[in-house]
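S.K.: Next up is a structure, given as structure tokens.
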Amino acid sequence: MKILRGSPALSAFRITKLLSVCQEQQLPVNDIYAEYVHFAEINASLSDVDSAKLQQLLKYGPSLAEHEPQGTLLLVTPRPGTISPWSSKATDIAHNCGLSQVVRLERGVAYYIQSGEMSDTQWQILSSLLHDRMMETVFTQLEQAEKLFSRQQPVPLKRIDILQAGRSALETANIELGLALASDEIDYLMDAFQKLGRNPTDVELYMFAQANSEHCRHKIFNADWIIDSQAQPKSLFKMIKNTYEQTPDYVLSAYKDNAAVMEGSAVGRFFASAENGSYDYHQEQAHILMKVETHNHPTAISPWPGASTGSGGEIRDEGATGRGAKPKAGLVGFSVSNLRIPGFEQPWEEDFGKPERIVSALDIMMEGPLGGAAFNNEFGRPALLGYFRTYEEKVNSHNGSELRGYHKPIMLAGGIGNIRDEHVKKGEISVGAKLIVLGGPSMNIGLGGGAASSMASGQSDADLDFASVQRDNPEMERRCQEVIDRCWQLGENNPILFIHDVGAGGLSNAMPELVSDGGRGGRFELRKILNDEPGMSPLEVWCNESQERYVLAVAPEQLPLFEEICRRERAPYAIIGEATEERHLLLNDEHFDNQPIDMPLDVLLGKTPKMLRDVTTLKASGESLERRDIDLAEAVKRIMHLPAVAEKTFLITIGDRSVTGMVSRDQMVGPWQIPVADCAVTTASLDSYYGEAMSMGERAPVALLDFAASARMAVGEALTNIASAYIQDLKRIKLSANWMSAAGHPGEDAGLYAAVKAVGEELCPALGLTIPVGKDSMSMKTRWHDQGEEREMTAPLSLVITAFARVEDVRRTVTPELSTDEDNALLLIDLGQGKNTLGGTALAQVYRLLGNKTADVRSAEQLAGFFNAIQQLIAEQKLLAYHDRSDGGLLVTLAEMAFAGHCGIEADISVFDEDILAGLFTEELGAVVQIRASDRGFVESILAEHGLADCVHYLGKAQAGDDFVIFSGNTEVYRQNRSTLRLWWAETTWQMQRLRDNPACADQEHQAKQDNQDPGLNVKLTFDISEDIAAPYILQQVRPKVAVLREQGVNSHVEMAAAFHRAGFEAIDVHMSDLLSGRIGLSQFQTLVACGGFSYGDVLGAGEGWAKSILFNERVRDQFAVFFARPDTLALGVCNGCQMMSNLRELIPGAEHWPRFVRNRSERFEARFSLVEITDSPSLFLQDMVGSRIPIAVSHGEGQVEFRNRQHLEMLESNQLVALRYVNNYGQVTENYPANPNGSVNGITAVTSLDGRATVMMPHPERVSRTVNNSWHPDEWREDGPWMRIFRNARKQLG
């Protein structure tokens, strides 16, 4: 084993934070230094050249400290016996660089601790602060890392002796293995194996427990019900299915696949030909698939991997729909207990305690959103929608006074995708079809996730809880998705017959489900499964929940094609069995020469005992809302700090919102980029205005008083949100229903039934809405002991509705951004029929009250009329702005609209004279619309036509300035500066950013929000945006070839190819594996573009591993050197491609002074819509654009320029090789965050070579080359955005 020192692992501010935590734990630690250490397992000695190559390969990140570290060593490494995602990717890079002697690379962090005298207990506390026990271990000597490369022998299976010991043996196994089997299931298994005449193996029992867990089988939703001694006619699931029976319109697949599918639009889908790699548009139906999952249990235990794998699993569900589909855009949601931010605690936040094994709500929200965002970012899926709610209180609900809150959190992950018409239905599995696992190797992780998540937190063993959390490797999932994409793009020749994702229960659930759904059985070989931990037992190999895996059936004759696709994409796969005629499962283990599984499928998936729920209805007593102590001004301030209301920038800018080049409406609205969008909208393709919309609705606190009203309100809110998109037909909207409940808690079961009935049997059929997909999580309770007393925290019944719809024209989406350009009017459309209830509202929550009467859907007919009226007004282009009434009520609706428009409001609420407080803070359904004053009569007549005449109230108008004033008649009710409200609203996000990210950056961003004179994003163009300078060359019908270059993990190549294609190029898909294998050479191309993403998951530095695989491979290095030297070529590097090409500067003439691109100053992935200025440089891509100031999409974690010395910066500047700089909204070059999202010196974000043929930039022009994909743009822009000029300039240069 070779040991090689690496770069510093923690920045100064991270060390300061760590020292501060040590102080809180009363540890006498004086200083900490941390650096990466690399361990190389080699099977032959390295030559001097190869040693130098390895040293160079592992030189990345900030410069290595010159001094020898001082202090006591604590070395944190991956758990021995595991192989980390970092290891597998770094090893891949080493092999691609020709270092075949390297068996494996691994990395640890060496912490050098300088401290006073510490006890063993204190060292253990410090150790626990430095590592994650699920994934890591701590050594005290570098040499101990040798254990990382130890090889363990496989552990044999166990048999449970029920034939001799009887039922008690099964009961003991149930506890020891954490199976969570019910008594009748134990009876079922006893009977089944006695009939088979043998003892079950531990593998069979574990597989049965996972496949039949509540998590996988949804027993409660399929149960029979007796409520108040009355047998109920339908199960919960049948009531949900009733929505489809009543309104099957536009639904193509429901209830029987990994995601539901509805009818989409006929558009041109853009992808590369399998024959020659040439990209083009393919006219076809792009149907819409939808899915929303939860990952609550793992997120409570370990938030980052819990949320990350939650998103990853949902993405796999989409990709594994039908015979293969394409995930497109995502959403996330979180419900947690109170944050209690240190030093920023709020008046309504009381500490009720929690069990040790789960993390705090604050830690969940510090880590969980980062995990979810990181997976989406690295996979390449924009995260465009979400919700965030906190609740934790002692309230008088259905079961009397008790603690209600989210110690067991909700972590929601969902999204949309597209699928071809011929692939919606899965194929048949033929006898003899090859059964394949696509994706990464097995590891001893995620065991028992299905069973563990089916229990209330606190019921299972703590070690089992930790074992049930998975690890993430999104770059691996991206590779698998590329394989799936290549397959579905083959149309009728798609080799995938059947596909499922591997989720809860691992292969033990996925493979039986695959063969059973295909009408077959299966014969498998355990040792064919890719395995990174050979010491695992058969149970662990078969049942672990290692992520990023799919199971597929492929016909034998199609196998060579499938294997070739996998090899090109470097996606691991294993053929582990074949389908059999007999519906039987046989798993052979050639190592031990036995059969861990040998059972009929009917025993595993047959008619296990059906659940019966015999429950009683309880009425919530509630209490009248005591308002004597509520001061209006104080109420506003409190509500602005409630997380459900407050600004959520800290949850949004961590997530890429522009990848795919098909995002039309993200969360950020207007020139000031305020996160208040009502819904998310994508284009159906890269050349269309058809699209898809998503919105969310949830009203969980209402359920503490009225279960059914809470469910109806969730549907209603999702509708009032999605109404801002142009959908036309209400029946086009399809819903996902995610139900979270503490089943078995007094009153909750009957309440769940009432809520499902209200939605499935009544409201949705009345509206013509269908719920073709959903999920349930029935164990939303946490138990623990505190000083000998048992305590419980029970979540409210929580229904999260996600609405999905086809969009007729994405350009018609209306946002909350107010306009003051003309005389205007603000109208409130009140669907609450003047009830103005306050039970379960934000106002009640911030005063620690509950109330007794809640908002509700007062009339399904009026709600439908509202949607139809808004659609008509959008079609007539009569709405200037739109925002629904939601958390915080009317006052928050108006405030958020004012924030988006950076303007004042003057509103008269005399309609609420009877109860002004209720009028301002009720959360009854409704919306505020801004219209031209001259259109008021017409708009009111349209609303009246749809039965809303009595619901419409004129409020006032938006006006320039900072005054936010509310009157009741002539009496001033409330006055505050809009800028002050904006800062209150932003303080939660500021405090969270300060804790989580670089506090200096958080402070700068908060300070920027205090600038009331900020003009917002603005545009200055020095060229004619409407001129197509490539048109004359396109008319020649000669398309020069551009190599659209990608490495494993790159995710922005399709939108890049589309931009070049539009400019008149023939875009060719070129994978690095094509160059390394010699399938393709660069000599045939005049233009090369290196695309964005996460090559090798950014291990060994962003883009550096990709670059070194070129620099250290002689044949490929020569190809690039020759290409860059040719005077007739152009080269562009964007984002990850920019980072990669900056490390190839020794090959690029005139690029010797280029910088490297390193970690952002915020130390966070930054997704922003940033303003840049095009500077005077030789860049051929930016010709005739000099002096322009244009917003552009930014999405990166490592974009800060780092020069080797000051002279290199000076040479770059003096030679005018800086091509783009970040500027603030005043047009000044800036290093301030967030106008400069990475902290680059002199605002540098693009550089070019001396002759201008090679340009690299961190922002993404390809994602915003169409106007419709800009988060904000001037009204006069038409089809093309200004960044399209880059690609047309390239075409012009080639003549």
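Any Cβ shown, glycine's included, is placed from N, Cα and C.
Annotated active site, nucleophile per Swiss-Prot: Cys1135, in sequence order. The active site annotation in Swiss-Prot covers His1260, Glu1262 and rests on sequence analysis. Positions annotated as ATP binding site by Swiss-Prot, on the basis of sequence analysis: Gly306, Ala307, Ser308, Thr309, Gly310, Ser311, Gly312, Gly313, Glu314, Ile315, Arg316, Asp317, Ala677, Ser886. Feature annotation from Swiss-Prot assigns Mg(2+) binding site to Asp678, Glu717, Asn721, Asp884; the stated evidence is sequence analysis. Residues annotated as domain 'Glutamine amidotransferase type-1' in Swiss-Prot, with sequence analysis given as evidence: 1042-1295. Marked as region 'Disordered' by Swiss-Prot: 302-327.
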S.K.: Just to verify: the residue among Arg316, His1260 with the fewest other Cβ atoms within 10 Å, which of the recorded positions is it?
M.R.: His1260
S.K.: Expressed to the nearest Å, what is the distance separating Glu717 (Mg(2+) binding site) and Cys1135 (active site, nucleophile) at their Cα atoms?
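M.R.: Glu717 (Mg(2+) binding site) to Cys1135 (active site, nucleophile), Cα-Cα distance: 38 Å.
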S.K.: Which residues, given as numbers and ranges, are at least 6 beyond the ends of the region 'Disordered' (302-327) yet have a Cβ under 8 Å from it?
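M.R.: Distant Cβ neighbours of the region 'Disordered' (302-327) are 132, 134-135, 253, 257-259, 261, 289, 291-295, 359, 363-364, 366-372, 374-376, 379, 381, 411-420, 423-427, 446, 466, 469-472, 474, 477, 480-481, 484-485, 487-488, 494, 496-503, 547-548, 550.
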S.K.: Across the domain 'Glutamine amidotransferase type-1' (1042-1295), what does the mean pLDDT come to, as a whole number?
M.R.: 97
S.K.: For Asp884 (Mg(2+) binding site) and Ala677 (ATP binding site), what Cα-Cα distance in Å is obtained after rounding to a whole number?
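M.R.: That comes out at 10 Å between the alpha carbons.
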S.K.: So of all those recorded positions, Asn721, His1260, Glu1262, which one's Cα sits nearest to Glu314 (ATP binding site)?
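M.R.: Of all the candidates listed, Asn721 is nearest in space.
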S.K.: Roughly how wide, in whole Å, is the group Gly306, Ala307, Ser308, Thr309, Gly310, Ser311, Gly312, Gly313, Glu314, Ile315, Arg316, Asp317, Ala677, Ser886 that binds ATP, by largest Cα to Cα distance?
M.R.: 32
S.K.: For the residue listed as 'active site, nucleophile', what is the secondary structure state per DSSP, taken as helix, strand or coil?
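M.R.: Note: the residue listed as 'active site, nucleophile' is coil by DSSP, not helix or strand.
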S.K.: Around the Mg(2+) site formed by Asp678, Glu717, Asn721, Asp884, list the extra residues of the same chain whose Cβ is within 8 Å of the site's Cβ centroid.
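M.R.: Once Asp678, Glu717, Asn721, Asp884 are set aside, the remaining close residues are Cys679, Ser695, Gly697, Ala718, Leu719, Thr720, Ile722, Ala723, Ser724, His883, Ser886, Ala927.
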S.K.: Go ahead and report the DSSP secondary structure tallies for the region 'Disordered' (302-327): helix first, then strand, then coil.
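M.R.: Its residues fall into 17 helix, 2 strand, 7 coil.
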S.K.: Could you state the whole-number distance in Å separating the C-alpha atoms of Asp678 (Mg(2+) binding site) and Glu1262 (active site)?
M.R.: 26
S.K.: List, in sequence order, the same-chain residues at least six positions removed whose CB sits under 8 Å from that of Gly312 (ATP binding site)?
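M.R.: Phe375, Phe379, Asp472, Pro474, Glu477, Gln547, Glu548 - these are the non-local Cβ neighbours of Gly312 (ATP binding site), listed in sequence order.
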S.K.: What does the structure give for the C-alpha distance between Glu1262 (active site) and Arg316 (ATP binding site)? Integer Å is fine.
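M.R.: Glu1262 (active site) and Arg316 (ATP binding site) have their Cα atoms 26 Å apart.
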S.K.: Please report the distance from the Cα of Gly310 (ATP binding site) to the Cα of His1260 (active site), rounded to the nearest angstrom.
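M.R.: So the Cα of His1260 (active site) lies 28 Å away from that of Gly310 (ATP binding site).
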S.K.: Could you state the CA-to-CA distance between Gly306 (ATP binding site) and the residue listed as 'active site, nucleophile' to the nearest Å?
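M.R.: Cα to Cα, Gly306 (ATP binding site) and the residue listed as 'active site, nucleophile' are separated by 28 Å.
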S.K.: Provide the number of Cβ atoms within 10 Å of the Cβ of Glu717 (Mg(2+) binding site), excluding the reference atom itself.
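M.R.: By my count, 27.
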S.K.: What count of other C-beta atoms do you get within 10 angstroms of the C-beta of Glu1262 (active site), across all chains shown?
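M.R.: Excluding its own Cβ, Glu1262 (active site) sees 32 Cβ atoms within 10 Å.
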S.K.: By the DSSP assignment reduced to helix, strand and coil, which category contains Glu717 (Mg(2+) binding site)?
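M.R.: Assignment for Glu717 (Mg(2+) binding site) reads helix.
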S.K.: What subset of the recorded positions Ser308, Arg316, Ala677, Asn721, Cys1135 lies within 10 angstroms of His1260 (active site) at the C-alpha level?
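M.R.: Correct set: Cys1135.
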S.K.: Taking only the binding-site residues Ser308, Arg316, Ala677, Asn721, which one has a CA atom nearest to the CA atom of Cys1135 (active site, nucleophile)?
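M.R.: Smallest Cα separation from Cys1135 (active site, nucleophile) among Ser308, Arg316, Ala677, Asn721: Ser308.
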S.K.: Can you grab the distance from Arg316 (ATP binding site) over to Asn721 (Mg(2+) binding site)? Cα atoms, rounded to a whole Å.
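M.R.: Per the Cα atoms, Arg316 (ATP binding site) and Asn721 (Mg(2+) binding site) stand 27 Å apart.
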